[in-house]
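Participant: One structure, as structure tokens, below. Some questions next.
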């Protein structure tokens, strides 16, 4: 069976002078692309753009039934599917346990990140409550823990500072600042909360717009090296922001612009010398060490003890109790959380007064939150085999931000550390969020006042220890350095620009870098000379296959990238170099041996075959260049053959009238057939030459 | 001969159980990539980055001789080579004629573009003189006419306005503006000239830096559709700027920001109603028509009359004489050129006082001037077969701008219209520039005062008629629309952003668009199912080759683009779709027929072969995805084979430890050998199944 197949294979390569040659006497059948397509292919007319649109609409309308519409509306609420397919016996217990564990993590993290946004800690708890409920209804990833997240909290703090600082300075100028200190503090906090909720509303609107425009696919441009570099840099900013809390000093303010971090540290050190609170520092450092060790042990012996220890909550409880009974605040001036409003916030419309200043931060925050959340959701979906839709996720984030903004919440996003716990604690469905919210709601309504003695330094310790994962991404640099230089450059550019400037500038620099890198990647591809490997029909690089056979007067080349405007100049230069045509000048001054002038000599090669298999597309510049090279080579007595052109390339050839401008037998199906055609032509030529010589001789 | 070759070809495909199978009993020889490489290939260790650098330096030092250095220094002065190889009899006459013709074009154009920059017309003549001399020494393209250019002049005017306007308003506030009107005008002009020369110095420095860093290759990012869209949009701005001169009214000033052009026209119309100078308008419109017709006739009958008529100079002379004798200025208040300084400017150091405001415009102007000049030079080099080096061109532009800035010149660039004339008038070498400068120098020293009665409207007419070529690029839109949607988008984005905003914003938007487009292009490539065409070893898309044979339980796929982060999600989705594995959910509500659940069924295919020939590179995300798909398919009882992986891909596979993470026989040399391996395996399986069945039966 296989034997026959291969005999036929010979036929194909060898059917030079078969029965069909009568119709096309000059060239062997099937070798040239056009005849190959004519014989085996089918004619498919190129649809115009309008026909394409018509066909698409027709297809859409064909599936447009009531049931279909209803289903697609219901598909926007994944909770329904979850409830429909819910298996109480299998899932309920796991979901409840996971919900409780995540809620327990939410409490300290919520308060800590609330502090990070420079708002009172209770607002972090709100963000751990409302968005989670909405995400449960509209989200698609059961393991993603929506709520407070370090990088986003930092960006909110920056946005608040940039908006509030100027407006406060105006107010301060208008009134004598010393007298109404307490009132002004209250005013400041109210102003901040209003701004933060406006920001949440705007972020939600941006996400909803992206979702309605079905732009969720944009998340793919936020590639892994970019996200890794970005979050690592941001984590260093978050880490820096927590240091003043550990030492219990007032953070240096108003440091903006380039090289923010080093300037911050310089200012910090001068502040530290005078103001350090040793008790608070001791508590903070002990908390960090204990928490780190506890988490490490927990991680290590997880398989044995089979439960996730709520280390952070234990720290918070111990910290609160210690602080309460040793009167840390009154005796040692350690900053504590202080009096907390009790109960859920009432419905309040975001004030919107700074909305125009907040649009740019809102877009940036929306971009960061979607990039981090969606990449996490995709990671879990890969691991567990459920489907996560970017557009549905965007819808969920959008609705949860818009809804929550009416309940005094700042923008929310998925948190890496909580999500990992949520995944590990055995929950399986979206209901985890519901159970978590029930626990958290109870805490917010009834128990918040218990935390008023909690030292702030404990909260800072929780944030710092949670940054471990993000900071350890630093080793991704080495990974990319070893494997891919361009991805390493992307990582470094993003990381360094986040570090030196700021989170938002880093985002934009990173985005631009990733687009530029996609172009650079195609700039200087390998341009290889091919040789026939032994007696097979395969042509491989003669550098890696030195036994590859090169025929005299035939050069076979392959350019390992699509030919287009940005690499066309490189292609041209290298192409001539490889076929020994020197476009460069001879040296101006030379003595001794005369340099050989190849310019007017007989060309080394009579046939050049370009293997176009790497061309995934070709643009107008590329086609023009090929036409120009074809004619230039013809002038020099060299024939150019192309082989293995793919559909996309052939289509561009068609519309650019390539065949009309060159010759019809330029394109061959395989490199091997092009080589055969060239060898035949060379044989014929030498026969003809002999004949001519004979003729000349006979005429003599 | 060919017959033997093809028999060997069979051998290769068929050598399943040859002599070497003893060593590797399980798999046939040569089919798997690794054994193929082992047999025919050579081992080349991957050099580390440091070794690469070492090798490069060694190579550089090997060629480091005195003669070499001398030659490379001398190569920086292409005039020397030109003089060395100069053929007086062949070239001199043509060069002199071309020099004179171009000088004659320089005079009216220089003055007209001088006006366009809002400086007195004489400064345009300076720019037509000094840079040309320097370019003759350092430039590489004999046909490129350096000097004044419309788009650059417009950008200079904008830069001057943005710098001078604020500083003038401060001065105006300090003194009563009405009294010292004349003094203030003189002051304004001096200020403007100082700023323009500073700008030229900065542009030159930017170009020199680019040249020293050998960044001339950056010009390739300024692709044809971009330059076409950009210059077309800029030409509309230039056109608009000349309209007030035609009607002889004061141009509306201070219009900035978005939608500049429509707002300009609205203001213009309201100004026109009251202030139009009918005499001037009549002269302007007649000049435009006459010049247009004359140029058209000149172009049409060029082959017959064989000389280029200096239409513009004739217009200038006729305009001047008419204006002088009919006293247009004093009688009809037609604006004329007025008194002109005589003689060459003395050496003056650019004042540098606004340098920090001028850096951004300088970078923009440098980018535009290099993109337009280099693309023109490359065009001529293609046509005439001489070599143009981007870095040398940059050096020439840089030196000429820096040098000229000390002689009261504003930034220069190549002009399309003059270059075409310079090419057509028969000159062959760089000396054209020298002869042109001699003529121009004479004019500047002795004849400028003759032009004082020349109406400004004539100069405007010259600019407008010269814009024809740039404005006619509008039809490039249709060209790109028909051929390539993405290039059309690039053209449109650049054009529209230049038109709606401004030249510099358009430049940046266009640049960003071209990078984004290079990414978008690779987003959703064709993903085709392949079938074996008749009995050949070729596998083609079954859509275009419907006779292509598909084997049962084997699916052959090809993804027509390199697999990397940005198209990995699309790859994954489409891949599963094509092998009939449904990752999407069944509809939530359904009645009537139950939808078939494919999830737990036997997979349709047992072997999936991915033809990797279109992969020019693969990044870490792509390799991870392939590994993940490999394992996922294995779980479902499907085997994944890859074929035709190119060197670049194999290298990434190596460093990412692809083979360790999958199985060693995953990668095959050709698609055909992978298919054969799959078919063999299927045959063996069915035999084994039969045996198992027999075994079971016998046990029964």
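Even glycines carry a Cβ here, placed using N, Cα and C.
TrEMBL annotations: computationally assigned, not manually curated.
Straight out of TrEMBL:
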- B:544-678: domain 'STAS' (DOMAIN)
- B:92-112: transmembrane segment (TRANSMEM)
- B:132-157: transmembrane segment (TRANSMEM)
- B:199-222: transmembrane segment (TRANSMEM)
- B:268-293: transmembrane segment (TRANSMEM)
- B:305-325: transmembrane segment (TRANSMEM)
- B:355-374: transmembrane segment (TRANSMEM)
- B:425-447: transmembrane segment (TRANSMEM)
- B:454-473: transmembrane segment (TRANSMEM)
- B:479-501: transmembrane segment (TRANSMEM)
Participant: Which sequence positions outside the transmembrane segment (B:454-473), separated from its termini by at least 6 residues, show Cβ-Cβ distances below 8 Å to it?
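Facilitator: Contacts of the transmembrane segment (B:454-473) (Cβ under 8 Å, skipping residues fewer than 6 from its ends): 108-109, 111-113, 115-116, 121, 150, 228, 231-232, 234-236, 238-239, 242-243, 245-246, 248, 280-281, 283-284, 287-288, 291-292, 295, 312, 315-316, 319-320, 323, 328-329, 334-337, 416-417, 420.
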Participant: With DSSP, how much of the domain 'STAS' (B:544-678) is helix, how much strand and how much coil, in residues?
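Facilitator: For the domain 'STAS' (B:544-678), the helix, strand and coil counts are 54 helix, 21 strand, 60 coil.
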Participant: Could you name the stretch, out of B:92-112, B:132-157, B:355-374, B:425-447, with the greatest number of CB pairs under 8 A to the transmembrane segment (B:305-325)?
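Facilitator: So the stretch in question is B:92-112.
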Participant: Grab the same-chain neighbours of the transmembrane segment (B:425-447) for me: Cβ-Cβ under 8 Å, and only residues 6 or more beyond its ends, written as numbers and ranges.
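Facilitator: For the transmembrane segment (B:425-447), the list is 78-79, 82, 86, 90-92, 94-104, 106-107, 122, 125-126, 128-129, 132-133, 135-136, 139, 142-143, 146, 308, 342-344.
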Participant: Is the transmembrane segment (B:479-501) in contact with the transmembrane segment (B:132-157), using three or more Cβ pairs under 8 angstroms as the rule and ignoring pairs under 6 apart in sequence?
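Facilitator: No, these stretches are not in contact.
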Participant: Can you tell me the mean pLDDT for the domain 'STAS' (B:544-678)?
Facilitator: 81
